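Per Swiss-Prot, the features are:
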type: COMPBIAS; residues: 44-53; note: compositional bias 'Low complexity'
type: DISULFID; residues: Cys209-Cys240; note: disulfide bond
type: DISULFID; residues: Cys219-Cys230; note: disulfide bond
type: DOMAIN; residues: 206-248; note: domain 'CHCH'
type: LIPID; residues: Gly2; note: N-myristoyl glycine
type: MOTIF; residues: 209-219; note: motif 'Cx9C motif 1'
type: MOTIF; residues: 230-240; note: motif 'Cx9C motif 2'
Amino acid sequence: MGGSESTGRKVSFGMDEEERVRVLRGVRLSDEVVTRMKDQSTWAASGAASGSATVPSKVGSSASHPAAASKDGAHKPTAAGVGHQYAEEDLYRRYEREQTLIQEELARLAKREKDAAHQRLSTSILREKKMADQERRKAEHLPADLDEWAKDLEHKEAELQNLNTFYREQLSSIEKKNLEIYRLTEEQFHTAATNAELRVKQRSYDPVCMDLQSNILKCYAENKQERLNCSDLAKEYQKCVSAAQKNLLFNHG
């Protein structure tokens with residue numbers, strides 16, 4: 001009973017007030033085992049009582065036939081000796097039954113602990129296997145992801161290169177246009193300046209009203225304190241200048 005796991009196991013147990021095993025190695029027996037032990041102890045006690053009741057009847061019969069006893073010449077055991085021997089045998093059988101129950105309880109506890117440990121180990125193994133599968137799948141997808149990332153980078157680099165080329169071409173075109181505009185503007189400026197200079201040189205003007213101008217200057221010099229004396233000359237000079245301007249506008253209009 002108990003299997004190979006309980007063979008050779010040293011068990012220490014304690015007895016309660018009714019001399020029944022209750023605790024072994026700090027492990028308390030279950031109620032089911034205690035109930036079975038109680039039932040078997042009750043059965044053993046009833047068997048011992050019936051055995052002790054039958055012993056005196058045998059003794060009485062032997063006493064009623066002393067001649068037969070003496071005739072055989074054999075020594076018969078007394079009732080007390082027979083009862084003591086039966087009690088020892090019953091105690092031994094009780095001890096064996098209790099040992100069997102203890103071995104069964106130990107086997108049950110060992111099996112429960114083994115199952116719990118196996119369950120924990122299985123859960124841990126499954127968790128580690130799941131994590132390993134996840135890492136493996138990540139590792140399998142990683143090269144494909146790297147290739148895709150590399151392609152994306154190449155595509156973006158190509159787009160940037162195209163944009164750089166486009167902007168360089170646009171900048172070069174703008175610089176060329178600006179240079180052409182500058183040259184054209186410079187040519188137009190020089191042409192306009194040359195034409196203006198030619199027009200100015202072609203027009204030569206003689207002084208107008210020179211006589212009146214000389215008379216006014218002379219009058220002002222002679223009449224420094226009384227400038228009003230030269231007012232008539234000034235009016236004539238203004239009329240002469242106005243007439244000369246009109247003639248100039250009319251001739252070049």
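Backbone N, Cα and C atoms are what each Cβ position is placed from, and that goes for glycine too.
For Cys209 (disulfide bond) paired with Cys219 (disulfide bond), the C-alpha to C-alpha distance reads 15 Å. Straight-line distance linking the Cα atoms of Cys230 (disulfide bond) and Cys240 (disulfide bond), rounded to a whole number, equals 16 Å. Taking all protein chains in view, 16 other C-beta atoms sit within 10 angstroms of the C-beta of Cys240 (disulfide bond). Across the structure, Cys240 (disulfide bond) and Cys219 (disulfide bond) place their CA atoms 17 angstrom apart. Around the Cβ of Cys209 (disulfide bond), the number of neighbouring Cβ atoms within 10 Å comes to 18. For Cys219 (disulfide bond), the count of additional Cβ atoms within 10 Å of its Cβ stands at 17 [all protein chains shown]. DSSP assigns Cys240 (disulfide bond) to a helix.
Helix, strand and coil residue tallies for the domain 'CHCH' (206-248), in that order: 35 helix, 0 strand, 8 coil [DSSP].
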